[in-house]
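What follows is a single structure, written as structure tokens, with notes after it.
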Amino acid sequence: MIIRRLFSISNRSFFLKKPQFDVKKIIEMIPQYQTSIQNRELIEADSIIRSLQLLGERYQNIKEIDKVIADIQIQRKSIEAQIKKDKTKITEYSAALKALKEQYNDQNSKSSELKKKILETCKSLPNTLDPTVPLDAPQIEQWINPLKTHKTSEAQAHVDIMLKKNMLDLQTASNVTGMSWYYLLNDGARLEQALVAYALKKANENGFSSCVPPSITKKELIDACGFNPRDMNNERQIYALQDTNLGLVATAEIPLAGLGANKVLELNSGECSKKLVGVSRCYRAEAGARGKDTKGLYRVHEFTKVELFCWSKPETSAKVLEEIKQFQISVVEELGIPAKVLNMPSNDLGNPAFKKYDIEAWMPGRGKFGEISSASNCTDFQSRRLNTKYRDDNTGKLEYVHTLNGTAMAIPRVIVALVENFYDPSTGKISVPECLREFMNGQRYI
């Protein structure tokens, strides 16, 4: 199959049910949604807001049409009752029945069109925003393994170090595949494997069940997860399989979320969430990427990532987000990487996220901080589109779960951080963090 950046879909086969939105609640929260749209600086903000402002009117029109349809049905049943009593009247009432049928079809068509527009509006909306989300600049929540100063050092650039140590081959990868692909070799490959093993072991010890998900999913699942990454030039960021409805996943979050699609999950009274950890290859087109970050491991088209995914009861999702964040902090602490935890601003949040934390590591060879993990609470944004529910213990009713995701280990960027922070120019050696040594046969240096 040919891989393209635009979906060309034939013979669609949908497995997801039509999303069910609480339209009345959305209408009540129009100011909050409008603020979310504006603060996220969405490319189509004006169009989405115009559609949102028509939502109340369209919803009221449907209620009025429903009354008209109900009245038509009453008239039809009355005539049919009279015909049932006296079948000789069928000719007398045939014109009236025909007129009522035409009125019914006309009103039903209007109602269907309005419902379609309402559904399109609801699907286009981003999540609302947690009140603690900053407006346009990240807030530093915490420092991890803090340094007194952050000095740039070209001698610690990961590309030069890894090429010299035969850990990385970019030229051959460029010939074989293209720019921003790479080979990890020898200790480079072993370092990736150690990071994966460490992250999986730590996640399992923290109650996450293991999963190896597919790296290709249906486009409808990608859309339902709200994952439509693009740069500010609106260039597409998803790889698709030509003439199919399939795409390569940009994160294991997508297939892990799909594991709960069209299901009622068992969340017992003493269980606030179900937790998964999955490892997969991830694919990013990175259209529009520029600069030196495209020449190393920081911004690549394909990479390995260990992902955390949780389904939570609504009342506990804020707590679960904090637990994911603390897990990520402990990983970075044990690796010894200097970093900062950020409460990310609204203009950095994807449509599904209600709140998001990032962890950025100091990378002296790059001369700046770089994101190595993120954690998001998506509340019911994804579950409504994926039809993932649980049964409320108190009411017995089916309710939508909240979904959360977080990076356990984004391999290439963590390798960048490790190499650039732990390379000693005086000895020419890279120190291996103690937590990884058991997965590298006790190796202390590269």
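Cβ coordinates are placed from backbone N, Cα and C, and glycine is handled just like the others.
In the record from Swiss-Prot, residues Arg284, Ala285, Glu286, Glu371, Ile372, Ser373, Ser374 bind ATP; the candidate from Val277, Val300 listed for the same site is Val300. Summary of the site annotation: Swiss-Prot records L-serine binding at Thr251, Ala252, Glu253, Glu307. Screening the candidates Thr149, Thr152, Thr407 against this entry identifies Thr407 as the one listed for that site.
For the binding-site residues listed here (Glu253, Glu307, Glu371), the lowest count of other CB atoms within 10 A around the CB belongs to Glu371. Using CA atoms as reference points, the binding-site residues Thr251, Glu253, Glu307 were checked against Glu286 (ATP binding site), and the closest is Thr251. Residues Thr251, Ala252, Glu253, Glu307, Thr407 make up the record's L-serine site, and a Cβ search at 8 Å around their centroid adds Ile254, Leu256, Gly278, Ser280, Cys282, Lys305, Val306, Leu308, Phe309, Asn405, Gly406 from the same chain.
Whole-number maximum of the Cα to Cα distances across the ATP-binding residues Arg284, Ala285, Glu286, Val300, Glu371, Ile372, Ser373, Ser374: 19 angstrom.
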